Amino acid sequence: MENGEKAAETVVVGNYVEMEKDGKALDIKSKLSDMFWHGGSAYDAWFSCASNQVAQVLLTLPYSFSQLGMLSGILFQLFYGILGSWTAYLISILYVEYRTRKEREKVNFRNHVIQWFEVLDGLLGKHWRNVGLAFNCTFLLFGSVIQLIACASNIYYINDNLDKRTWTYIFGACCATTVFIPSFHNYRIWSFLGLLMTTYTAWYLTIASILHGQVEGVKHSGPSKLVLYFTGATNILYTFGGHAVTVEIMHAMWKPQKFKSIYLFATLYVLTLTLPSASAVYWAFGDLLLNHSNAFALLPKNLYRDFAVVLMLIHQFITFGFACTPLYFVWEKLIGMHECRSMCKRAAARLPVVIPIWFLAIIFPFFGPINSTVGSLLVSFTVYIIPALAHIFTFRSSAARENAVEQPPRFLGRWTGAFTINAFIVVWVFIVGFGFGGWASMINFVHQIDTFGLFTKCYQCPPPVMVSPPPISHPHFNHTHGL
C-alpha cells in the first residue's frame with residue numbers, strides 16, 4: 001500500500017506550468033513575485049479554501065439564526081461543516097484518481113487546468129460530465145452574482161447617496177478586472193488578505209453585538225415557521241458548500257495529493273468565525289434580523305463598522321474572482337483560447353462571462369434569500385449529491401477499489417463505511433436540502449419578488465425621510481388701516 005501511495009505521489013507531483021509565462025517553464029526571478037504571486041503550497045490551498053468559504057455569508061448567518069433559532073443554527077453549522085468536509089475529501093480523491101490515471105497514460109497538462117467536469121468525464125463518461133458541468137457552471141454563475149449583490153448591499157451602509165442598483169453597476173465594472181488573474185495559482189496574497197479581512201469582520205460583529213447589548217424588548221421566536229426554518233438551513237448548507245472550486249485549487253498545488261484534509265482544517269477555522277458572530281448578533285437583535293438579512297444594517301455606524309464594510313468589499317472582490325475563474329476556464333475551453341499564451345488575449349476573451357453575472361445581479365438583488373435558493377437548488381447537487389454518487393460509481397467494482405490510488409480511512413470502515421456515508425449524504429441532502437429546502441427557499445424568493453419586484457433599485461433600504469414643507473405664510477392685513 002505504501003509503495004502504491006508513493007508511486008501515485010510521484011505521478012501526481014504534476015506538470016503545472018504558469019499560463020501567463022507564454023508557455024515557458026516557471027522561472028521566478030523575483031523573490032517578491034514568488035512571495036506574493038506564485039502560490040502552490042498546502043498553506044496556499046488552506047488560505048484559499050478558508051477565505052472562499054466564509055465570504056459574504058458571514059453577514060447573512062445571523063439572519064439564518066433568526067429563522068432557525070440559536071440551537072438549530074449552531075447544530076446545522078456543525079453538521080453541514082462535517083458533510084462539506086467529507087464531500088470535499090471525495091472530490092480530492094476523485095481528482096487524484098483521474099490525474100494519476102491520465103499521467104500514467106503520458107497525458108500532459110501543461111497550460112491546461114483540470115476541472116471537475118473533466119474529472120467526471122474521465123472517470124464516468126460524458127453523461128456525468130454534462131450533468132456536472134451544468135450544475136457547476138450554474139452554481140458558480142450565481143455564486144458570482146451573490147458576491148456582486150453583496151458588494152452593493154455593503155457599500156450602501158457607508159454611502160447611501162447612491163442606490164444599491166447603481167452600486168451594482170459600479171462594482172460590476174470593478175469585478176470585471178478579475179479577468180486578468182490567470183489562475184488559482186496566483187491568488188496567494190489575495191487569499192491571505194481575504195482571510196484576515198473576514199477574521200476582523202467576524203470578531204467585529206461578535207464584539208460590537210456584545211457591547212451593544214440586547215435591544216429593548218428583544219424577541220428570539222425562531223423557529224416560528226417551517227418555511228423560514230428550512231430557508232435558514234439551506235443558507236447554512238450553502239455556507240459550507242463552497243468547494244465547487246476544489247479541483248481548480250488542487251490543480252494549482254505543487255502536490256495536490258496533500259489536499260485531503262485541508263478543507264476540514266479550513267472548515268474548523270471558519271467555524272471559529274461563524275459560530276461566535278452569528279450567535280452574538282442574533283442574541284443582541286433577535287427577530288429584527290428577519291427583516292434585515294445583512295448584519296451591518298443593525299449595528300451602529302462608526303469607524304469600526306465602516307472599516308469592516310470596506311474589508312468585506314475587498315474580500316467580495318476576491319471571492320468574485322474565486323467563483324468566476326472556473327467559468328473563465330470553461331469559456332476559454334469552449335472558444336479554444338484556454339491554451340493561448342497571451343494573457344491579454346485571454347483576458348479579452350473572458351469579458352463576456354461577466355455580462356450575464358452583472359445582469360442577473362440587477363434583476364435579483366435579494367441579498368440573503370438568494371443564498372438559500374442557490375443552496376437548495378444548486379449547491380445540494382453540485383458539491384454534495386454528485387460527488388457522493390460519483391465516488392460510489394467510480395469504485396463500484398472490486399477491481400476499481402483494489403487499484404484505487406487512495407483507500408478510504410480505516411477508522412471509518414474503509415469502503416463499506418465510505419459508501420454508507422455517501423448514501424446518507426445523498427438521501428439527506430436530496431430530501432432535506434433540495435426537497436424541503438427548495439420548497440421553502442422558492443416560497444421565500446417568490447415572496448421577495450412580490451414584495452420588492454424585479455430590478456428593484458434598493459432592496460431592504462429604509463424609506464426616504466420625507467421633509468415636511470415649510471408653513472405657508474399669509475400676508476398680514478391690518479383691517480383698521482382704512483378706518
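Cβ coordinates are placed from backbone N, Cα and C, and glycine is handled just like the others.
Among the features that Swiss-Prot reports, topological domain 'Cytoplasmic' is placed at 1-53 (among others), with the record citing sequence analysis.
Sequence-distant contacts of the transmembrane segment (54-71), counting only residues of its own chain at least 6 positions beyond either end whose CB sits under 8 Å from a CB of the stretch, comprise 77, 146-147, 150, 154, 195, 198, 201-202, 205, 220, 222-223, 228-229, 231-233, 235-236, 238-239, 242, 270, 273-274, 277-279, 281-283, 285-290, 292-296, 312, 315-316, 319, 367-368, 371. Per Swiss-Prot, the feature transmembrane segment maps to 54-71 (among others).
If you look at the transmembrane segment (74-94), the same-chain residues 6 or more away from its ends with a CB under 8 A from one of its CBs are 49, 61, 68, 116, 119-120, 123, 232-233, 236-237, 239-243, 246-247, 250, 256, 259-261, 263-264, 267-268, 270-271, 274-275, 278-279, 383-384, 387-388, 390-391, 394, 405-406, 421-422, 425, 428-429. If you look up Swiss-Prot, you'll see 74-94 (among others) marked as transmembrane segment.
Sequence annotations record features per position, and here Swiss-Prot assigns topological domain 'Cytoplasmic' to 95-130 (among others) based on sequence analysis.
Taken from Swiss-Prot, the feature transmembrane segment covers 131-151 (among others).
According to Swiss-Prot, the feature topological domain 'Extracellular' maps to 152-166 (among others).
Sequence-distant contacts of the transmembrane segment (167-187) (same chain, six or more residues past either end, CB-CB distance under 8 Å): 16, 18-20, 37-40, 44, 48, 113, 144, 147-149, 151-152, 155-156, 245, 248-249, 251-252, 313, 317-318, 320-322, 324-325, 328-329, 343, 346-348, 350-351, 353-354, 357-358, 361-362, 365. Annotated transmembrane segment per Swiss-Prot: 167-187 (among others), in sequence order.
The transmembrane segment annotation in Swiss-Prot covers 191-211 (among others) and is backed by sequence analysis. For the transmembrane segment (191-211), the list of distant contacts is 39, 44, 47-48, 50-52, 54-55, 58-59, 62, 273-274, 276-277, 280-281, 283-285, 295, 299-300, 304-305, 307-308, 311-312, 314-315, 318-319: same-chain residues at least six beyond its ends, Cβ to Cβ under 8 Å.
Annotated topological domain 'Extracellular' per Swiss-Prot: 212-226 (among others), in sequence order, evidence recorded as sequence analysis. Long-range neighbours of the topological domain 'Extracellular' (212-226) within the same chain, counting only residues 6 or more positions beyond its ends whose Cβ lies under 8 Å from a Cβ of the stretch, are 65-70, 72, 232, 282-288, 299-300, 440.
Sequence-distant contacts of the transmembrane segment (227-247) (same chain, six or more residues past either end, CB-CB distance under 8 Å): 49, 52-55, 57, 60-61, 63-68, 72-73, 76-77, 80-81, 83-85, 87-88, 91-92, 95, 114-116, 119, 136, 139-140, 143, 184, 259, 263, 267, 270, 274, 290, 322-323, 325-326, 368-369, 371-376, 379-380, 382-384, 429, 432-433, 436-441, 443-444. Here Swiss-Prot flags 227-247 (among others) as transmembrane segment, drawing on sequence analysis.
When Cβ-Cβ distances below 8 Å are used as the criterion, the topological domain 'Cytoplasmic' (248-261) is approached by residues 8-9, 12-14, 16, 39-42, 44-45, 48-49, 89, 92-93, 95-96, 99, 109, 113-115, 183-185, 325-326, 329, 406 of the same chain, each at least six residues removed from its ends. Taken from Swiss-Prot, the feature topological domain 'Cytoplasmic' covers 248-261 (among others).
What Swiss-Prot records for 262-282 (among others) is transmembrane segment.
Positions annotated as topological domain 'Extracellular' by Swiss-Prot, on the basis of sequence analysis: 283-306 (among others). Packing against the topological domain 'Extracellular' (283-306) from elsewhere in the chain are residues 58-60, 62-63, 65-67, 70, 153-154, 157-158, 204-205, 208-210, 212-215, 218-222, 228, 277, 367-369, 460: each is 6 or more residues past its ends and has a CB under 8 Å from a CB in it.
The feature N-linked glycosylation site is assigned by Swiss-Prot to ASN291 (among others), with sequence analysis given as support.
Residues or ranges marked as transmembrane segment by Swiss-Prot on the basis of sequence analysis: 307-327 (among others).
According to Swiss-Prot, the feature topological domain 'Cytoplasmic' maps to 328-350 (among others), an assignment based on sequence analysis.
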Including all protein chains displayed, how many Cβ atoms other than that of ASN291 (N-linked glycosylation site) lie within 10 Å of its Cβ? 11
Ranking 131-151, 262-282, 375-395, 423-443 by Cβ pairs under 8 Å to the transmembrane segment (307-327) puts first 131-151
In three-state DSSP terms, ASN291 (N-linked glycosylation site) is classed as helix
Residues of the topological domain 'Cytoplasmic' (95-130) by DSSP state, where helix covers H, G and I: 24 helix, 0 strand, 12 coil
